[in-house]
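Positions annotated as transmembrane segment by Swiss-Prot: 13-35, 125-147, 162-184, 189-211, 215-237, 267-289, 309-328, 340-362, 404-426.
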Amino acid sequence: MENILAMVRDFGLFHLQWGQGIMILVGLVLLYLAIVKRFEPLLLVPIGFGGILSNLPDAGLAMSAIENAVYAAKPEVMTAFSEVLQLSSYMPADIKQALSSATPLQMTTLHLLAEQYQYSDGMLYLFYSIAIASGAGPLIIFMGVGAMTDFGPLLANPKTLLLGAAAQFGIFTTVLGALALSSLGVMDFSVAQAAAIGIIGGADGPTAIYVSSMLAPELLGAIAVAAYSYMALVPMIQPPIMRALTTQEERKIQMQQLRQVHKLEKIGFPLLLLILIALLLPSATPLLGMFCFGNLMRECGVVERLSDTAQNALINIVTIFLGLSVGSKLMADKFLQPQTIGILVLGIVAFCVGTAAGVLMAKLMNRFSTTKLNPLIGSAGVSAVPMAARVSNKVGLEANAQNFLLMHAMGPNVAGVIGSAVAAGVMIKYVMG
């Protein structure tokens, strides 16, 4: 009878905390949005499921061996940990606080101690360490995106590169906004955290994950969820801004058909882009290097098998583990913070400012050019590929049934991918030194 009662007391249900319950509901909401509403299902399904797994009571799937040991709080383990950390207190809360300032040697010793007491790293923690903490996951995704990208529309109309650059204004505006909130005492964001939040404005999930994992890993869950949620909401967020900033006549502008781009141009462009960026901004080289490599495999025509693997099987496999890894950061004690609200608000501001900046840049360019651009393609400067370009095309068709802007909008859309990677390099360079 005692054994049965002990087994019942060990049921996770009796150890469920209110925060974990809320985050399990958040995970279910993400799954609902992905499955029923089709909001970025490729990422939100694994993120939502990972969020549920990481909040299951007593499972410890998203915690390291050290964190699992502290959570269990066995007296003999806490005594050993406090000796390593040189603490007078054996309380788990004090030990947990001391871990944030522990030296690498102390962390290594604690990890070995935890393993000696039969504690191990959780499954999701291992996924995170391999896929995100190492930086490998987002970089492989970028290679796959490069293999799927056609630079033809950008090369056929190079001035659309300016639209992609203008849309990154949302990133830097949001960084300043986050710092302003901190200075006013509304929120408490460090410079590194502000930079990581700002990248949401690039509408590029892999870049947001890459930058936040380097600058503010504690905010990774909220930043990734915000980035992919707002990317899915591009068809709802952008059209009102586009219509507000353009006249009916501007939306009716029909653009000239793009010229045919020579294969040699497509092969040479990723090489030239990589060399140029590497010489000017080395910190952006990892992202753009993998992006350009993927694109070169696509365009060179001699490695079809590698190109096909990069843009299909490989990117799909990595997406699964990347999503689960992001889900591991949706633990209640890390996600249910006042900062999360600030991130969600700043993220939507970043999207809106980036969209508006692209449209306004197109209007400005029209003042100095005889060949008119339809300002609607400026909104595609955010790097939500190809959703933003499709939105530009849809709004254009509403104004003029003969106005097909999709291929024209792909130019600034692809430029936005380059722009967000460059912006990420700038953030990493000046925040990390």
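Note: Cβ is positioned from N, Cα and C throughout, glycine not excepted.
Quick caveat, the model's predicted, so the values are computed rather than measured.
For the transmembrane segment (340-362), the partner stretch with the most Cβ pairs below 8 Å, chosen from 13-35, 125-147, 189-211, 309-328, 404-426, is 189-211. The transmembrane segment (309-328) shares more Cβ pairs under 8 Å with 125-147 than with any other stretch in the list 13-35, 125-147, 162-184, 215-237, 267-289. Scored on C-beta pairs under 8 angstroms, the neighbour of the transmembrane segment (13-35) with the top count among 125-147, 189-211, 215-237, 267-289, 404-426 is 215-237.
Note: the stretches the transmembrane segment (404-426) and the transmembrane segment (189-211) are in contact (3+ CB pairs below 8 A, sequence gap of 6 or more). Away from its own ends, the transmembrane segment (267-289) comes close to residues 135, 138-139, 142, 146, 151, 155, 207, 210, 295-296, 299-300, 418, 421-422, 424-426, 428-429, 432 of its chain (Cβ-Cβ under 8 Å, at least six residues beyond either end).
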